[in-house]
Ligand code: SF4
């Protein structure tokens, strides 16, 4: 059986199973399944169930409030929203080229964020699945048990994350929802004492990040067949790359590749994202479905995030991460890896790249400078794009002559991955659940696929709601047979 | 401490941004001290999907849809002490900025008129909990025992309240823990 599993025929005769909420992800989401009386899977959906409406209520607010307000969409990667909005507003205030100090402080803040978010995701949320196995009993699948069984690993994860948060605190003013970036630049640079405090720890962080990559590789080597195939679906990819084709998570242009790794577009100015991407709305989730216009909604969907970025760029500028990138690309063997579990490997390579980049920036005296902002000719419209921990983040604003926001459009990272996540969950359902009696560990397999993407279901609810992840089983009479909740 | 005398804590996010949970994790390595004394029930960090009997429940975010109301009531029923964590839980926070607009106009903007989307429909599947007209603070729906202010409250403030409650003391927040920005 290989139907697309998105929409069942005769849904009223099927039984519903829900995973609600999806746990160990950031934000709220649920998964629902429809099965027949022989446990054949007919429908699988990942839903975002909360709606917020940011695009509407930001209208009429003064533009300089935006970088601070918009962070409240997401407390996991607030810096990404802070900076994407700032970049869009740089265009509004005519700041086409920031001072070296401002640009480098923003980069420092951003790579601090990449470091903390990747550490949070890998150590706090995913190691329980990866170290104990997907079938491990639910009560043990958490960071507390990791701390008990693998205390050194847990400790490193906590301390890498702490360091990233400290980079953010020194550049943004506080760890969560800081105010360091403003339209046209930043409002503070580092003091020598702050720089030295970070320098004292960074070498240890680089070393632990190398160990993190080694850990993922060891896990992969233990079960290559599982890691290479679990939830794998062929997809196009998209990300920013630097203007020389290198990995750059702060700035660059858009590059896309097809399922075989061939370039579809390159060098696209991100302000023109609207010529590339369109979004579709489906009635069963608040999260929209973006796709490449030239392919249409059926085949135009694509993946973003670490797995895309590590394979989309030509090189990584920092030496240790570049060695790891080459090994990753060589392992995949000429065609791109399409395996969600490889997100973890790619993510740890990025974490290493972030640690090395922070080290280099701390050695650059521009971060101590005092030229903080610039401005130029005022414009009415601005687009800011950044590679957030989970993928490409697009902010787009128009500002009227009274300095008030008139329109706002956001496409957050997780939204780009909407179709890809749904397809991977369907693939896992086909492979592991189809025709079998549903058990809690089997349901966890679906969550493992979702977690690999590191979705931020919190950002994804900016539209008008919030995203719980649920899986429910409904019988042929439409009764909920089991709404699998793990207690 | 035997299992019975260990303190049990549940946490959840309703209409919040997870920033309060992130701030909770900013206790950093103090987490290891905490788990020596407490067990986690339902929380984004565990795979427990439904709250059981707990001593302390921490809730981030206000109430924006029918499901939030349901989860909040369950938490109130099962938690001896319920704590509203952060600005959204206390007064609605950023999500409540839609309160001066009609829900319909916000949905229309996002799904029908905002630049970009092709499709022309507003999600309405029964799987989606009904959004409420307004976003409400927790205490308008259930009794709340303690409020920790901040957006988010600092890790030190959360740590202070938790350690006080775990030790059976009345929590006290010094000025420096509630003054920032
Ligand atoms: S209070 Fe602030 S940090 Fe906490 S959930 Fe609300 S917006 Fe996020």
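Each residue's number is its place along the chain shown, starting with 1.
Just so it is clear, glycine is given a Cβ too, placed from its N, Cα and C backbone atoms.
Marked as Mg(2+) binding site by TrEMBL: A:55, A:410, A:462. Feature annotation from TrEMBL assigns Ni(2+) binding site to A:74, A:77, A:456. Per TrEMBL, the feature Fe cation binding site maps to A:77, A:459.
In sequence order, A:55, A:74 are the binding-site residues among A:55, A:74, A:77, A:410 whose C-beta falls under 8 Å from a C-beta of chain B. In this structure the alpha carbons, written CA, of residue A:55 (Mg(2+) binding site) and residue A:77 (Ni(2+) binding site) are 18 Å apart. The Cβ neighbour count for residue A:410 (Mg(2+) binding site), using a 10 Å radius over every protein chain in view, is 25. When the alpha carbons of residue A:77 (Ni(2+) binding site) and residue A:410 (Mg(2+) binding site) are compared, the span between them is 15 angstrom. On the backbone, the CA of residue A:410 (Mg(2+) binding site) and the CA of residue A:456 (Ni(2+) binding site) stand 14 Å apart. Residues near residue A:456 (Ni(2+) binding site) in space but far in sequence (CB under 8 A, at least 6 apart, same chain), listed by position: A:26, A:27, A:74, A:76, A:77, A:389, A:390, A:412, A:413, A:414.
Here the binding-site residues are A:55, A:74, A:77, and the one whose Cβ sees the fewest other Cβ atoms within 10 Å is A:55.
In the three-state DSSP scheme, residue A:456 (Ni(2+) binding site) falls into the strand class.
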